[in-house]
Amino acid sequence: MGENIGKITQVMGPVVDVEFEQGNLPNILTALLITNPTINDEADNLVVEVAQHLGDNVVRTIAMDVTDGLVRGMPVKDTGDPIMMPVGEAVLGRVLNVVGRPVDGLGPVSQEKMLPIHRLAPKFTEQDTTVRVLETGVKVIDLLVPFPRGGKMGMFGGAGVGKTVIMMEMVHNIAMQHGGISVFAGVGERTREGNDLYHEMKEGGVLPKASLVYGQMTEPPGARARVALSALTSAEYFRDQEGQDVLIFIDNIFRFTQAGSEVSALLGRMPSAVGYQPTLAVDLGELQERITSTDKGSITAVQCVYVPADDLTDPAPATTFAHLDGTVVLSRQIVELGIYPAVDPLDSSSRILDPGYLGDEHYGVARTVQQMLQKYKELQDIIAILGMDELSDEDKITVARARKIQRFLSQPFFVAENFTGKPGKYVKLEDTVRGFKEIVDGKHDDLPERAFYMVGGIEEAIENAKAMAEAA
């Protein structure tokens, strides 16, 4: 069978209509190739994806790159397949775009192993439902917001509170401690941030264990609506074929929904609540259901969630919440205290913070830590107005321990050594639980609270206190 060639009949921004011969219509979601001289000199440089069959042998497609320079009558090749993504070792350490082409200037990527980006979620019979904690080495997360392997965590926070640094630290720890692979999907993010992340990962030495797939703000909506699927396809290969525990970061999941809404409007669908696409729940569901543990390996997702106008009832974040196993909330108030990572220990939550999953000791320590911090928060107004002297003896002890806990929740990161000047620390889960248990039990009431700031394990805090005593 020869190549199936069609021709462009209409171009409306990112929407391109293509006419084929009778009986040769490509299927929905098929990738078609066009040579667009505006992009570069290469042949077949523009990929468009079939979205609708209009009748009269015409298909309506959504472009994955700019359509400036296209004219009616141009030839269009039918690939016969969905968008195909290169997978495996070839993509590690590389930056790809939505259609799997490199954008880092380091030459071509091997096309030996390719997978379609549209795939079904694993069957129920293949899924692994046992809950195992993913140790991240970050104290505040492991203690209070434990990540389930194969789970989905949302990271909420404004600009400049440290979402990217926590992400990079987790990429580093998964690579160094577990030998795991990380995939980063930049969905509708700032090009500058994507560039910064690439260089920081390169300098931090974590790039060889990571694959980056970018569809930035400047890309047409078609690319932004597909880039998360392209990255997920890469992660699925490592899970299913190589039996790896993979970490996928999606920054920002809201932009995926936003791009879907733009595509929906371009295709002439009637909008739903707040102008979103009527298929919002199913679009997000198709992506999220592919992120899971199977009997071969797991994909754990960390998704940054932008909340439009801080309205958590907006359909986009509200639909996302339904899929999440937990939320890591980063707080500007904690940044102001100089405590990093700036995770809010009272606002953050995890589905597996439960004695059935973690054991009684871990659960008990985590809840006691939260109770002490909550009590300290309630007493802060009294302290501000009347001072510490007016508190009861019991409250004074609680406040002193809470302040130590607050500082002990900070931690020097490997990827932030340049800013902090302190070597990074990876803290094992049992050491984290033991350290906080000793503080809440009052074993370290005699140590100054400064000794607990920016340390790894509790032993380091004790050494700090000794050094301070000697210096005094």
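Heads up, residue numbers simply count up from 1 along the chain you see.
Cβ coordinates are placed from backbone N, Cα and C, and glycine is handled just like the others.
Taken residue by residue with DSSP, Gly162 (ATP binding site) is part of neither helix nor strand, so it is coil. Annotation comment: Swiss-Prot describes Gly157, Gly158, Ala159, Gly160, Val161, Gly162, Lys163, Thr164 as ATP binding site.
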Non-site residues, in chain order, whose CB comes within 8 A of the mean position of the CB atoms of Gly157, Gly158, Ala159, Gly160, Val161, Gly162, Lys163, Thr164 at ATP: Leu330, Ala342
Binding-site residues compared (Gly157, Gly158, Gly160, Gly162) - highest count of Cβ atoms within 10 Å: Gly157
